[in-house]
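Engineer: Just dropping this structure here.
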Amino acid sequence: MSISAPAGQRARNMSLLTAAQTLYQCCISVDLTLTGIVGLSLAPSPVLATVPFALISIVSWLTTYPASAFMRGHGRRAGFLLGSLAAVIGGLISVLAVTLHSYLLFCAGVACIGVFQALAGYYRYTAADISPADQRAKAISTVLSGGILAAVTGPFLATAVSDALPVVFAGSYALVTALGLASTAVVAGMTVDSASNAVEEAALAGEPRTLREIARQPVFLAGVAGAGAGYFTMTLAMTAAPIAASGSGHSVHDAASVIQWHMVGMYATAFVSGRLTARIGAARTVLVGVVINAAGALIALSSSSHIAFMVALALIGIGWNLMFVSGTTLLAGSYLPHERTVTQGVSEMFTLGASALGALTAGPLLSATSWPTVNAFLLVPLAISAVFAALHLVRK
């Protein structure tokens, strides 16, 4: 069941959600491109280089369930505004951090981006909730397609404006503030508030099922495993890749191009992932994503050339999109409207927890082993996701 709204209003909200996703992804791409490198320059030890990046996912994980509860009481528009303001503040703190060469202040700045990520994570759920059931996959992929512009421009802008201010990279984080301000203007025009109608839906639908009942469904397990494994794989690879590329003798601009192609893979795929999910089913699309992710990992195992980095990360980006869109589609079919707050909050905690684990694992694993070993490790969560998707198909 979806939130009832006139077609014109739904189309307008979809356009605004897509624009908001574009600005969010452009904002986050600055951190994805530079935070590992900046963290390495500010950290007291190389082992701590990826902690600032990991804080984005950790804070997102800690914030996502309270964010869902907040939006239930105050509306999604209010939550999205809060997230955009967090980006503004985070960008300003990060500018100050690189200016003062403060590692702890930098951690605080990127942590604010984690709050933005947590709230922006509900853009796709909102798109699914305002759409008819047979159009959910398309709605999710449409919103995620907003990231393609960010994939092309974000990493380029991150490096292009890095010297715009006297201190290197201060201009990049000033860009984060500007993007946060633009996002605030976009989400202010949304009419997606669901606080009042959530109460009405609960009254009509009766008592919600317990979380245990919802979580025991094969469709829920396949959805969480697909989205979670996709995010863990993507985050671990993307966090480690710039540092591994630098360690392999590639320049900062080469490392940025690796992330750029990774993000192109992540979001250009959105133009087809919704259609593919509708055509072959969400669980089968998860399996396709697993295969493509595994192919990327195997390429990274075979070579440390710049081309190998780009192709591997692009494939991992494509695999992430397929697993994320299809996993979210499975999750959107696992709950009733009045069960939305709990189910979405818990599933986001799991997904962002997997992302945080990937980011936290990247630095120590890369320092202790090697880039090929990191990619071999990626095959484990992919195999687990494949098992849950296959079980859902068997029991369906």
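In case you wondered, yes, glycine gets a Cβ from its N, Cα and C as well.
Remember, it's a predicted structure, so these values are computed and weren't measured experimentally.
Sharing the record's features from TrEMBL:
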{"type": "DOMAIN", "residues": "218-396", "note": "domain 'Major facilitator superfamily (MFS) profile'"}
{"type": "TRANSMEM", "residues": "22-43", "note": "transmembrane segment"}
{"type": "TRANSMEM", "residues": "49-67", "note": "transmembrane segment"}
{"type": "TRANSMEM", "residues": "79-97", "note": "transmembrane segment"}
{"type": "TRANSMEM", "residues": "103-125", "note": "transmembrane segment"}
{"type": "TRANSMEM", "residues": "137-158", "note": "transmembrane segment"}
{"type": "TRANSMEM", "residues": "164-188", "note": "transmembrane segment"}
{"type": "TRANSMEM", "residues": "219-243", "note": "transmembrane segment"}
{"type": "TRANSMEM", "residues": "255-274", "note": "transmembrane segment"}
{"type": "TRANSMEM", "residues": "281-301", "note": "transmembrane segment"}
{"type": "TRANSMEM", "residues": "307-337", "note": "transmembrane segment"}
{"type": "TRANSMEM", "residues": "349-368", "note": "transmembrane segment"}
{"type": "TRANSMEM", "residues": "374-394", "note": "transmembrane segment"}
Engineer: Do any residues, 6 or more residues outside the transmembrane segment (219-243), come within under 8 Å Cβ-to-Cβ of it, and if so which ones?
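Structural biologist: Sequence-remote neighbours of the transmembrane segment (219-243) are 32-33, 36-37, 40, 49-50, 53-54, 57, 255-256, 258-259, 262, 266, 282-283, 286, 289-290, 293, 296-297, 300, 309, 312-313, 316-317, 319-320, 322-324, 326-331, 333-334, 343, 347, 350-359, 361-363, 365-366, 371, 374-375, 377-378, 381-382, 384-385, 387-389, 391-392.
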Engineer: Going through 49-67, 79-97, 137-158, 281-301, 374-394 one by one, which has the most CB pairs that fall under 8 Å from the transmembrane segment (22-43)?
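Structural biologist: Answer, by Cβ pair count: 137-158.
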Engineer: List, by number or range, the same-chain residues at least 6 past the transmembrane segment (281-301) whose CB is under 8 A from its CB atoms?
Structural biologist: 137, 222-223, 225-226, 229-230, 233, 237, 273, 308-309, 311-316, 318-323, 325-327, 329-330, 333, 371-372, 374-376, 378-379, 382-383, 385-386, 389-390, 392-393, 396
Engineer: Go through 79-97, 164-188, 255-274, 307-337 and flag the stretch with the largest number of C-beta pairs under 8 Å relative to the transmembrane segment (137-158).
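Structural biologist: Per the Cβ under 8 Å count, 255-274.
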Engineer: Give me the mean pLDDT over the domain 'Major facilitator superfamily (MFS) profile' (218-396), rounded to a whole number.
Structural biologist: 92
